[in-house]
Amino acid sequence: MQRDKAELLRSIAIDRTAPSPARQGGGGGRGLILGLGVGAAVVVVAAGIAWSTGLLSRFGGADPAPAAVSAKPAPTAAGPAQSAPAAPVSEVRSGNLIGSGYVVARRVATVSADVTGRVREVLVQEGMLVQKGQVLATLDDVLARSDLDLARARQASAEAAVVANQADLVDAEKTLERTRALTGRQFSSEADLIKADARAASLRAQLVKSKADVNAARATVAYDAEMVDRYQVRAPFTGVVTEKNAQPGEIISPMSSGGFTRTGVCTLVDMDSLEFEVEVNEANIARVRPGQKVEATLDAYPDWKVPASVLAIIPTASREKATIKVRVAIAAKDPRILPNMAAKVTFLNEGKGG
């Protein structure tokens, strides 16, 4: 269309190389007026062509050459930019509901000491299987053992005092009996009898106090022995060490105090507590029920189908993702199943494999 317009304009253009009427003599004024009129006519015709071309392109005529258009969409006039909707976490395929999730451990712990102390030795490494009660690390317990030794010495002293008081009491009671017999035969005065009786009563009271001191000393020894034992970090359950968080020389504490103080020696996972945790869209949660048969596929082993079943539906929804978490129990434990592995879970309908 632009080429046609250019040819049309060239066809009606004035040839300025031709001799003007003024040069040809006669009628100079009329030639000038005639030239101006022709020029005005050319402008009017060109404007009309341009205007008609625009109308044709607007109402369905031939389109002019398109202008360059940015590939980016124009921003909205107002309001924050809306993010693209997230990919669904569950879908229905071949009549079965498929959800995505991860392997999680229901029993996992960061094992720490009950007291604050400096690590003397760490006895475990990542991947090590440990038994319940096994010592994982030891702390510097010099002061605690000193307190225990002191408590044991006090216990021994209290027990010796009991033995001495018992011997004194036996002697006092014999003296009392002898004085009482002599007083009956008028060989001793009433004052001697009262004095002997008072001494025996005093020794009985001292013996009671000594026995109480022994009990207190034994309790102190038991307490200090427990404190010494707390400087040994033990496994709270049987599991596998997945992280080693402390090194010899570091200070650990059951409470976080900032700085270079750590709160745990290692992370322990009970591999028998592994299960799948799957997120299902709210719109599909009615298709899930406890006890339902499930087939799970790990991303690490796509050709291996893990038999499982729905353990429970967690009774709360995510407001942000509009999903509900479902706990899926693994039918048979396998060492290939590890915490935090990604998985696809197929919720089977009635009458289909499990």
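Cβ coordinates are placed from backbone N, Cα and C, and glycine is handled just like the others.
Taken from TrEMBL, the feature transmembrane segment applies to 32-51.
Residues annotated as region 'Disordered' in TrEMBL: 66-86.
Among the features that TrEMBL reports, domain 'CzcB-like barrel-sandwich hybrid' is placed at 107-254.
What TrEMBL lists as domain 'CusB-like beta-barrel' is 277-349. Per DSSP, the secondary structure of the domain 'CusB-like beta-barrel' (277-349) breaks down as 6 helix, 43 strand, 24 coil.
The DSSP breakdown of the domain 'CzcB-like barrel-sandwich hybrid' (107-254) into helical (H, G, I), extended (E, B) and coil residues amounts to 83 helix, 28 strand, 37 coil. Averaged over the domain 'CzcB-like barrel-sandwich hybrid' (107-254), the predicted model reaches a pLDDT of 92.
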